[in-house]
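A.B. asks: Below is one structure. I have some questions about it.
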Amino acid sequence: MKIGILALQGAFAEHARMLEKLGIESVELRNLKNFQQHYSDLSGLILPGGESTAIGKLLRELYMLEPIKQAISSGFPVFGTCAGLILLAKEITSQKESHFGTMDIVVERNAYGRQLGSFYTEADCKGVGKIPMTFIRGPIISSVGKKVNILATVNNKIVAAQEKNMLVTSFHPELTNNLSLHKYFIDICKVA
């Protein structure tokens, strides 16, 4: 099994480290040719945290947005953390257009405020158990469609969800030593 990690900006190296701990090979995807070269060998894709506007702009400039969107729309498993969640959202409040727009969720960017408002907590995540959660100016999911399964909430705000083969978190599991969510994603990839 091999997992692609979008490596345009953000915490891609941290996700690679988590996969390595699980014995899973990963490949960094930096441009369209790179994506096309590896796509048929991949079992899934991770969209890391970072700055969603910058990543979205790079996806468009590198002509990666539509091919990746088509792959996700056809059922290709994807795990979006923080900015990756925003990229997958069908609607982003206070923003005219979405990026991939494949997941039936409405997202509020930077809902947890400035960098100084970042925090750490632990909470239950359906199908995974109690896990550590690191929030860095994280988004929140303000509403979900009927087919979206809410996996975790913190202070009555949705912070993790799944729709079919799409898994998202508004926090950064790659910044902890807990492998549970990455294992959960690998299980999604195995049955896809």
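The backbone N, Cα and C atoms fix where each Cβ goes, glycine too.
Straight out of Swiss-Prot:
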- C82: active site, nucleophile (ACT_SITE)
- H172: active site, charge relay system (ACT_SITE)
- E174: active site, charge relay system (ACT_SITE)
- G50, E51, S52, R109, I136, R137: L-glutamine binding site (BINDING)
A.B. asks: What count of other C-beta atoms do you get within 10 angstroms of the C-beta of E51 (L-glutamine binding site), across all chains shown?
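C.D. replies: Its Cβ shell of radius 10 Å holds 15 other Cβ atoms.
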A.B. asks: On a simple 10 Å Cβ count over all chains shown, which one of the recorded positions R109, R137, H172 is most densely packed?
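C.D. replies: Sorting the candidates by Cβ neighbours within 10 Å, the top entry is H172.
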A.B. asks: For C82 (active site, nucleophile), which residues in the same chain are close in space, meaning a Cβ under 8 Å from its Cβ, but six or more apart along the sequence?
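C.D. replies: When sequence neighbours closer than 6 are ignored, C82 (active site, nucleophile) has P48, G49, G50, I136, G138, P139, T169, S170, F171, H172 within Cβ distance under 8 Å.
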A.B. asks: Can you tell me how far the Cα of E51 (L-glutamine binding site) sits from the Cα of E174 (active site, charge relay system), in Å?
C.D. replies: 16
A.B. asks: Using C-alpha atoms only, work out the spacing between E174 (active site, charge relay system) and R109 (L-glutamine binding site) and round it to an integer in Å.
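C.D. replies: Computed Cα spacing between E174 (active site, charge relay system) and R109 (L-glutamine binding site) is 20 Å.
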A.B. asks: For S52 (L-glutamine binding site), what residues in its own chain, 6 or more apart in sequence, show a Cβ-Cβ distance under 8 Å?
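C.D. replies: Once residues fewer than 6 apart are set aside, S52 (L-glutamine binding site) is near A83, I86, L87, H99, R109.
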A.B. asks: Taking 10 A as the limit, how many CB atoms besides its own sit near the CB of G50 (L-glutamine binding site)?
C.D. replies: 22
A.B. asks: Applying a 10 Å Cβ distance cut-off over all chains shown, what neighbour count does E174 (active site, charge relay system) have?
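C.D. replies: So the Cβ neighbour count for E174 (active site, charge relay system) comes to 28.
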